[in-house]
Structure formats: C-alpha cells, structure tokens
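Have a look at the structure below, then the notes.
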Amino acid sequence: MSMKTKTIINSYGNLPCLFRQFFTLHFLRPHAASSSSINDSNNNNKNDDDDDDDDYDSSVARLEKLVHQRCKSGNLRVNEALGLFDSLIRKRPMPSIRAFNHLLGALSKRDRCSTVVFSMYKHMMGCLHFRPNVCTMNTVIKCLCPLKKVDLSFPVLATIYKHGLQPDARTLNTLLHGSLPLELFWEILRKKLPWSDVTFATIINGSCKAGKTSDALELLHKIHDGEWIKPYVYCFSPVVDSLCKRGRIDESLSLFHDMINYGVVPDVVTYTSLVHGLCESGRWEEAKNFLIGMLRSGVSPNICTYSALIDALCKERRVSEAESLLGMMAKKGLQPDVVTFNSMFSVLCKLGRWEEASQLLKHMIHCKLSANIVTYSTMLDALLKEGRTKEALDLMEAMTGRGVTPNIITYNSLIYGLCRSGQWREVTKILNKMQDEATPPNVVTSSILVDALVKERRMKEALALFGQMIHRHVRPNIVTYNSLLNGLCDLGQLEEAEKIFDIMVKQEICPNTITSNSHSDSHFIRRLMEKAQNLFDPMVQHGKMPDIISYNTLIKGYCLLGEMGKAKKIFDQMEAKGVLPNFITYYTIVKGYIKVNRNDAALELLKDMI
C-alpha cells in the first residue's frame, strides 16, 4: 500500500465504516491516475530489455498470487483490499482480469462493501485497455441489488454487450433478485440490448426459481403475443414445473395444452413435472393417461418420471402397483436409483414387511447402489416404532461401519425410541456419540428428552435441561413448553408452571390447545388466559395474522372458564380477519354455550356451521 493511501486511512479512521471506504477509494483515483501517467512515461523511455520484462512478469505473478491467497483466506480486511487494488491498478500493462475479479468477489461477500465494489468497477472502467469479463459484471450487478440501485444494473448489462460479451444465466438471475421479470424484459427491449431465445428462457427460468411464477407466466404470454421469439420447450417447462410444485395443477394442464396449440413439442421434463404434480394431488387416472400419452408421443419416461410415480404410489401404500412399475423400468433397461428404492423401502418398513424390505436391500446392493442416510433412517424409525430397539442399535452400528454418518434426524429418532422404552443408559451413549461427532443436539432432541423426563415425573431434571437449553441459546418450542406445563400442573406446582408460561409469553410463543388443556383449575386457567390475551392482542395490532390454532386456543380457554362473551368476541374477530372457523372451533364454542345453559346460542351456531 502506498504512503498516501496509509495517510488517508489513518486520518479518517474515525469516519463511519462505509463512508471511509468510499472516501478512501475516490481519494485514490487522482493519485492512481497520475502514477499511471508517470509509469506510462517511464515505460516509453525504457528499452525493451528482456531482464526488465522478466522482472515485470515475476512481480505481477507474485502480486496476483498474493491477491488470490488473501481473497481465499476469508479474512481480507477492506483497507488491505484497497491497498492491493491500488497496486494492481498502477501496473502497466495491467494484470489479468482474474486478480481484479478475486478482489471484487471477496469484497462483495462482506457487509456494507457494495459501494466500494461499485467504485472499484467505475475506476477500472475508466482505465484504457481494461477489458472486463462476464464474471466482473455479475459481481457488480450482485452488489447493486442490495443498494437498491437496480436501475444502475441495466447500464452494466449494456456494457456487457458493448464489450462483445454474452450475459449468462447467473447475470439474468442476479438481476431478477433486484427487479421483476417483466421490468427486465421491457428494459432489454427498450434499450435495444441484444437478446436471443436463450435470454428469455433464462429470465423465465430465473423467475420461477425466485418464486415469481405468475410473472413468468405473464411474460411467456407476452413473448408469444408480441412475436418476439417463437416460444420453445425450455420457455414452457420451468413454468409448468413451478405451477405443479405450487399445487396449481389445472393451470399447468392449461399451459400444457397451450404448448401443443403453439406447436411446441413437450419433452420428458414437461411430462415428468405433470405426472409428479398429478400424483401428488391424487389424480392417478390423469397421471396414468399422461404416461400413456408420453409413450405414444415417442417420449421415453426417464428415471425421474418413474421415481415420481413410484414415490406417489408408495405414499398411498399401493405397493403392488409400485412393484409393477419397478418391473416396467427393468424391461425398459432403466436402472432405479437410490431415491426410487428409498420410496419402496419406506412403505415396506412402515407396513412391517421386513422380509421384503430385506430382499429389496439385497437387490440394491446387487445393483451396485449404496444405501444412504435416508435408507437407514427409514429402517431405524420403523424398528423403533415397533419397539425393536436392539435391532435398531445393531443397524446403527452396521450403518456407521459402512461409512454412512448418522445425521441429527437419525439421532433424534433413536433417542425418541430409547426414551420411550426407558433405556437411559443407551440415551447417554448416543448423546456422547453426538458430541464426539460434532452433531450438537437441537431443539427437537432437547424437547424429546424433556418430555421423556416429565413422563417419568423427573421434573427437577427436566427443568435443569430446560435451563441448559436457555443457557446454550437453543430456543425451546411449544412442544417443550407444553411438556413442562403438563408435568408441573399434574404435580400441582402451579407457581412454577406460571413462571414457565411467563418465559413462553416473553419469547412470543403462542399457546395452543394442548397448553390450555394443561390443567382444569379455573383460577390457574384465568391467569394463563390473561397472559395469552396480552400476547395475542399485540400480534393482531402489529399485523401478524394468528392462525386457526391460536384462535381455537383462546376460544377453548374462555369456554373452560364459562366466559362465553369473550369466547364469542374472539370468534367474531376471527371471521373478520378472514380466518375461517373449522369443526373444532364450532364444536368448542357450541359445547361452551351448552355448558352455561345457552342452548339458543348453541343452536344458532349449529345452523351457521351447517
């Protein structure tokens, strides 16, 4: 770093971080420019000496290596980055674009450095003979989006084309995060930027990935109606897939028929998306028809198509049909993957068909497929639910012996099964193993343990574990609190229960119907209801929409106290907020009115319910 740079940084050390970075970089500009002029002048006076060329190449190589190492380290400071940038920008001829990209990329990952990256970019673009690449421009566009300067991204996009470069998928996807797809579409047309069918296909695909499916659909229709390009399958497939994943099956089917009318031939991806969506919606006949139509059109189903069908059939426990499809795959010469086998494996374990599950596992090995964590976790969970803990522990040993590392879900299943059968020594071993493998217990693990201790009336240990959760910043959930409240109320420790409830309210965790059922003592319920209402009211005032469970909980509490006026007020508020009452809501309030001999009001609500 030059002396002038150091002086500037030291003099403005007390400025706010972002402004100091911005000021430093802009202050460097005249100095860097003048230095460049001096270097250019000196270079004109030098002889083209081979030794000097070697020295220059060696110097640049060392500088580029240093930049690469510091950027890769992950602890590059802003001031250090500015110094390295100063060194790079003063070299003539300039070093490779990779060195500059490393610096921009490293700074773009730091908080509040977007302005610095943009300033560096403008400085570089002001230098003669500087030629950016797409990676440079992508980094700059990425930094402009958080600055809410998306309008500046479009000139950067234009510069990409000006330099004869072609924006890639990452360029357009980055722009989509800062703007709407339709805005991007019109901007490209308005500025007469070069585009191709791939450009618009990328925008549509990026829109779907960003969750803007409706915009992608509108854009697709605009492209077709405006005859900008002839839409092709890669424009349609992402939208069909996105609509299916969001459960908008009828819209996806309508779009599929539009494709056919536009003369676009669907491919295996389009068909697979529809087959999967229809299966998930339980529309089996239509899914089967699509599969037949696919085959008639000469489009061969792939592993994903078959896997989607087999998975859906397994979820419905239609094992024989799933097995038929596996046989069909074999006839077509398609090798099922581990995902396909896992679907079959899951349903066989759930149905307790262990012999068939074992045969399937052997078949997997015969197909040279290794069972993964999902395979083992499925089998473990099924064994534990049947109380076969010894076999589950043996399977865990076999699993680790084959190099498959258990994850937190596997451990939680095992701990739950062991707690249920009271095998605390084994639980301790598993917890120690988790610690050895650097897999810390999460809120689910802790809640399982708290609940198990409560059920054994070991409240002191359960409360100690709860305290550890708070201390280790593991935020307890409603399950943890309900377990503790149930245990304390059953033991008559109402003051302690109220303290736990206070902590729950402070953490803004809404009680549910299980919480309100904790105890039948009307005095205790009244105190809890006051606090629950105090939590509920600010939620509504701040625009947080409570769900059906929150409303049902309050109604249940007031009904238990016989305070039907308050229960009806919550019921009316619920409807006004657009949350429709369900069977439980009506059943609770009708039962409450009958309890206080208000049969007329109960009948009125029954009519409303019908």
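Glycine is no exception: its Cβ is also placed from the backbone N, Cα and C atoms.
Residues annotated as compositional bias 'Low complexity' in TrEMBL: 34-45.
Summarising the annotation, TrEMBL assigns region 'Disordered' to 34-56.
Confidence across the repeat 'PPR' (232-266), taken as the mean pLDDT and rounded to a whole number, stands at 87. What TrEMBL lists as repeat 'PPR' is 232-266 (among others).
The helix, strand and coil residue counts that DSSP assigns across the repeat 'PPR' (267-301) are 26 helix, 0 strand, 9 coil. Residues or ranges marked as repeat 'PPR' in TrEMBL: 267-301 (among others).
In terms of DSSP helix, strand and coil, the repeat 'PPR' (302-336) has 26 helix, 0 strand, 9 coil. TrEMBL lists 302-336 (among others) with the feature repeat 'PPR'.
Helix, strand and coil content of the repeat 'PPR' (337-371), in residues and according to DSSP, is 26 helix, 0 strand, 9 coil. Annotation source TrEMBL lists repeat 'PPR' at 337-371 (among others).
If you look up TrEMBL, you'll see 372-406 (among others) marked as repeat 'PPR'. Mapped onto DSSP helix, strand and coil, the repeat 'PPR' (372-406) counts 26 helix, 0 strand, 9 coil.
Taken from TrEMBL, the feature repeat 'PPR' applies to 407-441 (among others). Beyond the repeat 'PPR' (407-441), the same-chain residues lying 6 or more positions past its ends with a Cβ under 8 Å from any Cβ of the stretch are 373, 376-377, 380-381, 383-385, 387, 389, 392-393, 396, 448-449, 451-452, 456, 474.
Per TrEMBL, repeat 'PPR' is recorded for 442-476 (among others). The DSSP breakdown of the repeat 'PPR' (442-476), given as helix, strand and coil counts, is 26 helix, 0 strand, 9 coil.
The repeat 'PPR' annotation in TrEMBL covers 477-511 (among others).
Per TrEMBL, the feature repeat 'PPR' maps to 547-581 (among others).
When Cβ-Cβ distances below 8 Å are used as the criterion, the repeat 'PPR' (582-610) is approached by residues 513, 548, 551-552, 555-556, 558-560, 562, 564, 567-568, 571, 574 of the same chain, each at least six residues removed from its ends. The repeat 'PPR' annotation in TrEMBL covers 582-610 (among others).
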Within the same chain, where does the repeat 'PPR' (442-476) have neighbours whose Cβ lies under 8 angstroms from its own Cβ atoms, ignoring anything closer than 6 residues to its ends? I mean 6 or more beyond.
408, 411-412, 415-416, 419-420, 422, 427, 434, 483-484, 486-488, 491, 493, 496, 500, 503-504, 507, 509
Report, as numbers and ranges, every residue of the chain located at least six residues beyond the repeat 'PPR' (302-336) whose Cβ falls under 8 Å of a Cβ in that stretch; write 'none' if there are none.
268, 271-272, 275-276, 279-280, 282, 287, 291, 294, 343-344, 346-348, 350-351, 353, 367, 369
DSSP helix, strand and coil counts for the repeat 'PPR' (407-441)?
26 helix, 0 strand, 9 coil
